[in-house]
Amino acid sequence: MAAPVLFSTIEVTRQVFYREALSYAIVNLKPIVPGHVLVIPTRVVPRLADLSGPELSSLITSVQTVGKAIEKAYGGDALTVACQDGKAAGQSIPHVHFHILPRKCKGDFFSKRMDDVYPALEKSEASLPKHFPQSGSTLDNHYAPLRVDADENRQPRTLEEMEKEATWLTTFFSRHERNE
């Protein structure tokens, strides 16, 4: 059995849908828009500057690969790609990660004011730690059903909901890119 995948101290193994040697992607606990995912280096480091050249290269290549698949899977016209590099920038989990959000010219929650996604992303990031178990173990199964929008009442998804999405997303990658 493979070692558990950690996002900082949080086990996210069942949320993984893409994996390379030095990076991976997971579905989001509290997506702002449908298809909002995270791309993360395998080694737990808090800042981009802490990554080695090969780790940074893998991470950015994974952002590109995952972004293309997410755009296709969710019928996006573009992507918002964001990294909050450090606590002062709004990073709440001390492990480098990129947010990828598929965006649409029409019908996107933010299509009337495209830049409103950034404050929503910051609010979302800030609320994450309270939704993870204090022990840093796997997520509990008591979360409310999915609400995918940018309001403050978004509830965390169940592990089963996230696992279902992750399984579906693996189909958008070639066999060698899948979490197999």
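Even glycines carry a Cβ here, placed using N, Cα and C.
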| Candidate ranges 95-99, 110-114, 170-174 [criterion: TrEMBL lists as motif 'Histidine triad motif'] | 95-99
| task | Please indicate, using numbers and ranges, the residues of the same chain that are 6 or more beyond the motif 'Histidine triad motif' (95-99) and have a C-beta under 8 Å from a C-beta there. | result | 7-8, 28, 36-41, 44-48, 50-51, 59, 63, 80-83, 85, 121, 125
| note | Whole-number Å distance separating the Cα atoms of ASN28 (substrate binding site) and HIS97 (active site, tele-AMP-histidine intermediate) is 12
| task | Would you count the other CB atoms within 10 A of the CB of ASN28 (substrate binding site), including those on all shown protein chains? | result | 22
| request: Give the residue counts of the domain 'HIT' (3-111) per reduced DSSP state, in the order helix, strand, coil. | output: 30 helix, 29 strand, 50 coil
| task | Around the Cβ of GLN84 (substrate binding site), how many other Cβ atoms lie within 10 Å? Please give the count over every shown protein chain. | result | 20
| said: To the nearest Å, how far is the Cα of GLN84 (substrate binding site) from the Cα of HIS97 (active site, tele-AMP-histidine intermediate)? | reply: 8
